[in-house]
Amino acid sequence: LKLDNYGVPLTPQPSDDPEDPLNWSGIYRVFLLLQVSALAFLGTYNPAIINPALNELSAQFGVSVITASYQTTVVIALNGICPFIFIPFANTYGRRPVYLVTTLIGSLSALGCAYAQNFGQLVGLRVLNGIFPVAIALGVATVNDLFCLHERGRALGVYTVMASKCATGAHFAPIPGGLIGQFLGWQWVFKFAAITNSFCLIFIFFFLPETLFFRELSVPSASTTSSGQSHFRRYLARMGFGKRFRKLRFGDFFLPYVKIIRYPTVVFPAIYYGTQYGLASALPAVTVSHIFAQEFGWDTLQIGLAYGTSLLIGAFLGETAGGWVVDSLMNRARRRAGPSAPCEIRLKAVWTGEIIVPVGLLWYGFSIQFGAPWIVPILGMGVACFGLQCITTVIADCHSSDMAEVAQVFNFIRQEIAMTFAFYAIVLGEAMGGYHWLFIFFAGVGSILAFIPILVLMWKGEAIRAWENRDYKISSEYS
């Protein structure tokens, strides 16, 4: 029995096979975590890099700024749908081939956007670009492949900082996007995205191994245990293609999700997180060009630098703090209760974000409405983003055997809620008589209505999860 530093049995238990990813060195696993996080970074970086240049797209194609934002909306929507296709392949043929193929699609489609001749062509190419970011969902499963339960808080913290639109990728993107769009034009914004995608493709081709591993089927072979085996041979084995871990069935594309969406411990946190994500991160992304150009007369560079830096700092500080808090909570609980410590303990970390997000939203809305200096709404966005990153919905660990599917449910709900704001946020704010009323309404929806089910999970979560586990075992026996 293998134990952690506190003498508690590891969950899951690593096998005796040296090629089990849980047996790889800590430094190597962190190196792989950074690669997967970079892929997830690109998945949110690609849609957002053009946002500061929406005014240029509007002028180029003869559409309104709000209509120009729809090409970003399309990518956000596809980000939530396409992993449904790729995850079954990743569970059958491995993570590595899926990462390589989708990164290639991302690079080629970004390059194609730079040569679009009309708005219809641009939207069509952006649809292809939306196919790419499978790491947004699959990356969580890869973290699950590489780290034991007590290590995942910090690992997921690093991954989430890089991954979602509530984090670094979408918040860093406006900075180079604004700079390039201002001085080189919107076409070079997409060309730069293609260059960064291509660099990552080359890097992961040589350095990202396969991490999918079935411990219950593992029997160390002489080739893997022999001290005489060269490092180069082991490298080639890890990077090789042609493996098939299980048989791919048609039901793999929908049956796991049909089972998972029945479980309150997945659906309720996903709805809450998706709502807060849309309000604190996606809403600024698709409206800031219109609002700041109208209210402050800003150009592409100013918009990109200001809102990108604000959200980037807020996301980094919030997620860094959040990961540390989650691991501290779980380690303390595991010392008291052992490996059986309930996952619901992690929900205690939600309270900080539950308070800070609405404060940031109201700060932003009121300052815009009543003509405060530009720094005030920028700080409001950063505060809301900090709060969002403190919201940790890693209760998904309750279904760790289906981590990729659970992550995809979170991703789908998050992306589809987020993609709606471009269609109505500006118009609704004007119809309600001001942005302050709009953000009071949004804060109520995100922090009151969507939070009620989370309170139920805090109260009865362990009992609900026990019922889910019984139902899951019965379903698995008949699947």
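Just so you know, glycine gets a Cβ as well, placed from its N, Cα and C.
What TrEMBL says about this protein:
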type: TRANSMEM; residues: 30-50; note: transmembrane segment
type: DOMAIN; residues: 32-479; note: domain 'Major facilitator superfamily (MFS) profile'
type: TRANSMEM; residues: 70-90; note: transmembrane segment
type: TRANSMEM; residues: 97-117; note: transmembrane segment
type: TRANSMEM; residues: 123-144; note: transmembrane segment
type: TRANSMEM; residues: 188-208; note: transmembrane segment
type: TRANSMEM; residues: 253-274; note: transmembrane segment
type: TRANSMEM; residues: 305-326; note: transmembrane segment
type: TRANSMEM; residues: 347-366; note: transmembrane segment
type: TRANSMEM; residues: 372-396; note: transmembrane segment
type: TRANSMEM; residues: 439-459; note: transmembrane segment
Could you give the residue numbers and ranges of same-chain residues that sit at least 6 residues beyond the transmembrane segment (439-459) on either side and whose C-beta is under 8 angstroms from one of its C-beta atoms?
264-265, 268-269, 271-272, 275-276, 279, 283, 344, 347-348, 350, 354, 357-358, 361-362, 364-366, 395, 432
Contacting positions for the transmembrane segment (97-117) when only residues 6+ beyond its ends and CB under 8 Å are counted:
36, 39, 42-43, 46, 86, 89-90, 125-126, 128-129, 131-135, 138, 187-191, 193-194, 197-198, 200-201, 204-205, 208, 241
PLDDT averaged over every residue in the domain 'Major facilitator superfamily (MFS) profile' (32-479):
81
Which sequence positions outside the transmembrane segment (70-90), separated from its termini by at least 6 residues, show Cβ-Cβ distances below 8 Å to it?
43-44, 46-48, 50-51, 57, 97-98, 102, 119, 122-123, 126-127, 129-134, 136-138, 141, 165, 212, 248, 252-254, 257, 282, 285-286, 404-405, 408, 411-416, 418-419, 422-423
